[in-house]
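Student: Below is the structure I would like to discuss, written out as structure tokens.
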Amino acid sequence: MTKPRIAGLNASRNHKYRILNQFYTSKLISVFITVWGNLIRAKRAGWIVLCLLIQQASFSQSIRSDWRTELVQRYSALRTRTTQLAKQQGWPVYSHYATNRQLVLQRIDSLGQPVYYTLHNTEAARATRTQSLYQNGVLQLALSGSSSALRGKIGLWDGGRVLTTHQEFSPATAGPAILQQMDTTGSYSDHATHLAGTLVARGINAQARGMAYGAQLSIWNYSDDISEIAAAAPNLLLSNHAYGPVVGWVYNPSRPGTDPAQKWEWWGNTRISTTEDYLFGFYTSQARDIDQIAANNPFYLMIRSADNKRAETGPPAGTPYYLRNTNETSTLNRSRNDGYDVIPAEATAKNVLTVGAADVTFNQQDQPTTINSTAYSGWGPTDDGRIKPDLLGMGTNVFSTLSDAPSSYGTYTGTSMASANVTGSLVLLQELYMQQKAATSTNSTQASQFMRSATLKGLALHTASRTTPATGPDYRQGWGLLNTEAAARVILNTNQAHLILERTLESGGTFTQRIVAQGNEPLIITLCWTDPEGPATAVAAASLDLQTPKLINDLDVRVAAGANTFLPFVLDPANPSRVATSGDNIRDNVEQIYIQNPVPGQAYTITVSHKGKMKYTGQPFSIVVSGLYRLQCQFPVSITPGRDTVLCSGARLQLSADNRAGFTYQWLLNNLPIANATTSTYQTATAGAYALRMTDASGCSVTSSTVQVRTIDDAVKITPASTQWLCQDGAPIQLTATSTTSSPLVWLRNGNVLTDVQSTTLNATLPGRYQVRLSQEGCQALSDPVVISATTVDTISLTPEETDLTFLQGATVTLYATTGKDYQYQWYQDNQPIASATRDRFSVSTPGIYKVRITQQTCVGWSTERYVHFPIVTSVAPLSDSLFTIYPNPAEHTIDIQYAYPNVRQLRISVIDQQGRVQLESQLSNSRNGQFQGSLRLNNLATGLYFLKLDDGERTQLRRFIKK
């Protein structure tokens, strides 16, 4: 396994398929009736129409319903026993060897030896042609994995946690989270974060955009993976697993010393073999359990990396090395992991897609010219001779997210990266299939809208790129390099050259399908099925490289034409480098027949049968065919308008074609059928690539040229959007115009153009109704208006209007302030804000000086003050014919008093503070005819509000004064 290398940012659909040859029409009908009758006699609900995407037949298997419970219990007990032994034997649970090279104790094997897991580390969308499915890709599909039906259906198991706060995992809009961390054990991991990015990163950094950059991903730590996979499998379509047991040679840089040759460890089990690690190619109990999970969940496909063991070949001969993670050393010569049969354990499962890493060169047309596996990627076969890896992906110098920070990125190499490249790409194929089927089917369950896992796997292998396709698969690169574009073209089937079938073979039954070859291209037939789990190989010396096939239901595909019968590819595990030949494949659950030069217009018959007794009542299988005959239709198809069109916001475009008798119509958007768009006209307000497929009475179809429809996103707005208020100080109000384009904007006030404003901001100093107009490509948009008005907080009044208010003690008075739009209130007493007094009225029950502050956005206004008194007297007799005056008021040193009332002989005067306490007392003597006059010295009074109380023996009066 190569060590990861971090570098900078520069590291880079149900169309009816008919046998188009008119000479075979009557025979086709006969075949159709025969097959339909067989289906009914078999009491198997189903139908058959020769089409691209065919409604799958229902099936049932007599599979034990308690398998999942038994599996979980077994692994729980195994983990408990492993933990106990680790404590007794002192085994490390976790060992750190290097960056992204950690060993984690997972379980014990049947010999009681510890099994450790490690990660498979050492410009992907381009090489695997995945970018062709993106928006503006050559297939004009605009796929990203964002379909809601895919949510919660993609999983990642890895060693550690993903940095979910990375900027690449933040949703672009409010909605479901991109990542769902299903457990929180372990620390943050660069490896897990890198794979999550390769799968679903949004593309904030365009170089790091994930394969399915609109998809949602669920993430688990691999510490209890088999049990978790069994529990999650019913809800999953795909999951990525880029890890496996520690096997063979392992380089451990943390060993002491400076000599690299002294840092090697050999992890084989000498009780099984002293020269090679038995786990290479070995069908373990874990591989069996994985196959069982897959067989019980027919829509779920697990993708596993092929490991990088060919990069770890051990020390020079004769150099001491360590035995596992102990300090015991040895110099015995052992296998160097550098050839065939170096894919370990779980990756040997039959029903997973095992992925190696490709080394690819391209021509000037961006097409691969040479495809090889990398120097580090694991080679097969399995011990029983099955083809592994199944497929190659791009795993060298893959740029993606890291866990150091929310904006951290790096470049990693390994089959881990290749597996994520493939998994993310397969998400888009499931999305495409689902969209095609949803557009043409009205009674499909959500599950049946997707391909079975065997269909998806078979499709990927069927369309994989190989330098020399006719030579078939090999044990180095499997079936070749994933070609997502080619797989998508099979699903789309725009040229009627392909066929996808999902069927079930009954025990003792035979399935046949008649096809006609085009003849100027190869005729390719791929059969794939999810096989029941086989028996795990016993861990014993006698089981080393055991060749007993693990295939349970051995299906066979044959193609016949006259006296000629064509057989599938077979490989020779005894001679792993030998080129594939044709023969009877008794090992693999994928078979392919490749007819290099079929006879043009020749009818061929596909037959699927099985050997021996079939486990369960039936075996579902999938067939993918390419190279079928298509008629050269002679009628023209054109649509109006026939040129690319721009739609203004809110506008609709009518597409139309000639209405011809005897023709059926199907409008397409981004190469996908539009539901219910089956007349000669179609209206749309949606951007995309539109075309019309017309089919005549004979079944001949022609698709028009594509018309690109662009919509102008001419939304323009002003912020702030609410009414604004110009304050008394004349400060301008800044308005800002924003739009989704760089086209010039025009400002208007009361409908008149402001010719002196050229920028996106306007400092408004005058009241009015402001708007912005945007013009682009013949479309105009006008923003909602923003009204600016002069503030009204400069004219605040209070009720009651009197400034000096006196009330009996215990009474309450309510002060009312002016009301207005956008007013916010704050009442004050004696210049201090009153808590929670923020309405347009305030009830006063204590004496003081009251006022209110009103704000209108940034404008501020104050009311006049109200002096409110509550004297200590409880009543005041009327003195309508009396005279009582005091002056000056406010007073500083002295205050003069005048009072007149007949028959009053003596007058008592008191000065009382706001708390009712007497501060001064005095008497005035009768001067003449009930006239009193005098003064009081105020020097000893503190500044504030006071009351002067006059008492003539029969009545009292109060006057308020202020001591300065």
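Backbone N, Cα and C atoms are what each Cβ position is placed from, and that goes for glycine too.
Positions annotated as active site, charge relay system by TrEMBL: D158, H191, S416. Taken from TrEMBL, the feature domain 'Peptidase S8/S53' covers 185-480. What TrEMBL records for 886-962 is domain 'Secretion system C-terminal sorting'.
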Student: Taking the Cβ of H191 (active site, charge relay system) as the centre, count every other Cβ atom within 10 Å, in any protein chain shown.
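Tutor: Other Cβ atoms within 10 Å of H191 (active site, charge relay system): 27.
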Student: Using DSSP with the three-state reduction, classify D158 (active site, charge relay system) as helix, strand or coil.
Tutor: strand
Student: What does the structure give for the C-alpha distance between S416 (active site, charge relay system) and D158 (active site, charge relay system)? Integer Å is fine.
Tutor: 10
Student: Could you round the CA separation between D158 (active site, charge relay system) and H191 (active site, charge relay system) to a whole angstrom and send it over?
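Tutor: Counting only the Cα atoms, the answer is 8 Å.
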Student: Any idea which of the active-site residues D158, S416 has the thinnest Cβ neighbourhood at 10 Å?
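Tutor: Minimum Cβ neighbour count within 10 Å, taken over the active-site residues D158, S416, occurs at D158.
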Student: If H, G and I count as helix, E and B as strand, and all else as coil, what does DSSP give for H191 (active site, charge relay system)?
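Tutor: Looking at the DSSP assignment, H191 (active site, charge relay system) belongs to a helix.
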Student: So what's the mean pLDDT when you look at the domain 'Secretion system C-terminal sorting' (886-962)?
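Tutor: Value for the domain 'Secretion system C-terminal sorting' (886-962), mean pLDDT as a whole number: 82.
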Student: Would you mind pulling the DSSP three-state label for S416 (active site, charge relay system)?
Tutor: helix
